[in-house]
Amino acid sequence: TNPRTTRSSENQSSGAAMDPLAVLRDYAARGDLDKIIFNGDDVLFGDDYTFPANAPTAFTSKQSGRPYPLSAAVFLAQHNDLKHTDFLQAARLRRIPPVSLPDRKTFLDFLHFGDSSLPSAEPLLPSSFAQDAHPPPPPPPPENEEGEGPDADDASTAHVRALERPLKDRNAVLDARGRDFLAIYHAALRREEDRLRNKDAAPSATGRHEPSAAAAASLANPKLDKSLGDGFVPIILVPSASQTLITIYNVRDFLEDFVFVPSDEKMRAMKGSPKPECVTLQKKHVRGAGGPVAFEVRDKPASLKADDWARVVAVFVLGKEWQFKDWPFKGHVDIFNKVIGFFVRFEDDSVDSAKVVKQWNVKIISISKNKRHQDRPAALEVWDRLDEFVRARS
């Protein structure tokens, strides 16, 4: 016979094999569930017992009638505080057969309240596990006369590894639910833009990088808006309505950092601060010679004077006629001959959302709701179209 290993010589001499579920319930009653360790193909109950992890138990599935292995029962006992969906995912990550929701309450009642009515038509006897029992890990080997040597180190390492309890695997470590890495993504984009901006700076004779002519001009006149060519700062108009994708709150993120951030998130981040009257954008990638590198963004056309209207070069349209009320133009044809229009929409929005806009001479820019890496090409397309329009107008 191969009797179950127990914590007392009396139990060993009796030759009676222990029921792993009875041992599990005893550990639960004592609050020692954390002492149960998965070790390879075995389950170690402290220094008391060792059972095969795949040993069938008297705990069976109501649906299939098949017995759950010991690993499933132990894993449920140790993680019964998890929501069932989280429990199923955690069990699959550990490659442990998960306990179904209908069987969960039955087993927990048995575990905590001593209810012995497990759904088993033919309960397995404890003796059926006797041939699958394994002895617990051996005690630490005695040191040699000097307490050193490679054999002693290897034996000690093997003993420590035998007692290890894996807490996470690579899949669990990579699980990032509930975490937001958007701020890290923004910081990485800014670092890349700074690297590209400084890439063309040539080192001087002393080995130091001298600022470019545009940077030197901005340092000499920090209060002046930077501009090239025509000597004026163009204006971009955005809707003041909150239902549009691009507003004065998030236009800088989109056109300067090439990332779409919902307006409501930007408003919450402002924590009650007043809405800005004007936002100045710095165009980071100037393609070709000339062209303005600074733009003003406003959302109150009624506050513009005649000189301001002469500087308006672009508008983000809402798709509503009332957006152009009291504008100093004769109609849509006149507006979009003198001002380039953009309509930003989600790529999976219905066709009806752009039905009116398609009748106007505007450029439709589609972005994704979730794929933020696609924001950069969309923003660069806005800049390309705007550059062409400004060059043709000048």
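Just so you know, glycine gets a Cβ as well, placed from its N, Cα and C.
Of all ranges given (80-102, 195-217, 264-286, 356-378), TrEMBL attaches the label region 'Disordered' to 195-217. Per-residue confidence over the domain 'Cell division control protein 73 C-terminal' (233-389) averages out at a pLDDT of 86.
Secondary structure by DSSP for the domain 'Paf1 complex subunit Cdc73 N-terminal' (19-112): 45 helix, 20 strand, 29 coil.
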